[in-house]
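Database features (Swiss-Prot):
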type	residues	note
ACT_SITE	GLU197	active site, proton donor
BINDING	HIS14, HIS16, HIS194, ASP275	Zn(2+) binding site
BINDING	ASP276	substrate binding site
SITE	HIS218	site 'Important for catalytic activity'
Amino acid sequence: MQDWLTALPKAELHIHLEGALEPELLFALAQRNGVTLPWPDIDALRQAYQYQNLQEFLDLYYQGAHVLRTEQDFYDLTWAYLRKCAEQGVTHTEPFFDPQTHTDRGVPFQVVLSGIQAALADGRRDLGIQSGLILSFLRHLPEEAAMRTLDEALPYRDAFIAVGLDSSEAGFPPRLFERVFARARAEGLPAVAHAGEEGPPEYIWEALERLQVKRIDHGVRAWEDPRLIAHLVDTQIPLTVCPLSNVRLQVFEHMGQHNVLEMLERGLNVCINSDDPAYFGGYVLENFMALREHLGMSQEQARRLAANSLASVLTA
């Protein structure tokens, strides 16, 4: 089934570019930029990829991002991800990037954006992969910081298809960012938001009602709220689910417990994504294969999941 899944056209709608930083590239960029790493070698870094929760992962994720310094670094990161898309039958991707992760350590916004944009343009031309970039705000930082990031981004308004909300979920409900999302919406930028991963179903309601999002990133805890499930079935708001991520971060103890196929059969608009593939052990194809192995996903279910992803893109 792997060859069939590889050939199946699909979109990826929940991928953090910084989370596609493979250990080999991380070490190469550290050497290029003279960055001293806390790990002696690639094997030691891989051994550090053990997390009990989202915050433990994020601590490592932000540490790894420190090697990204130049436009070429961001190009190389994005291009490596796009090559993986081409290998796995991903024909359209809408990646997130976290400018605050970089600007807060002195990397200019334009440096980050230029490298990513150049790679996405080359991906369209050379690999035939369509794409749209999502500007994500870090929810563990104050809304004022997100507003400053939006100010910095607006001169490049045409570079983005949407704004998003990510980072530590617990204790940082979507309502804290209502003003900055309203401002982005006034500028013509639609919204997506991470909700219902570690946070409760109430966070999904807030993202829908107060941030007016077009998609929910993760959303697996919607299953705990029958009224929310009925609403999501009725509205067909897409949920960008990331199975390997959910298991690695202990949202589910084992892939056999994951609810994504139950959600699909209930009529929810779910699709499969990799989230932070370098850190969670797989890209989109590996996520599909995990569902096949542990949940017995059928070809018909895989076809529906892929069709959902393509129907849920924000850019044509």
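The backbone N, Cα and C atoms fix where each Cβ goes, glycine too.
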Count of other CB atoms lying within 10 Å of the CB belonging to HIS218 (site 'Important for catalytic activity'): 27
Cβ-Cβ neighbours of the residue listed as 'active site, proton donor' (radius 10 Å): 24
Spatial neighbours, same chain, of HIS14 (Zn(2+) binding site) - Cβ under 8 Å, 6+ residues apart: PHE96, ASP217, HIS218, THR240, VAL241, CYS242, ASN273, SER274, ASP275
Candidate recorded positions HIS16, HIS194, GLU197, pick with smallest Cα gap to the residue listed as 'substrate binding site': HIS16
Between GLU197 (active site, proton donor) and HIS16 (Zn(2+) binding site): CA-CA distance (Å): 15
Among ASP275, ASP276, the most crowded of the binding-site residues [Cβ within 10 Å]: ASP275
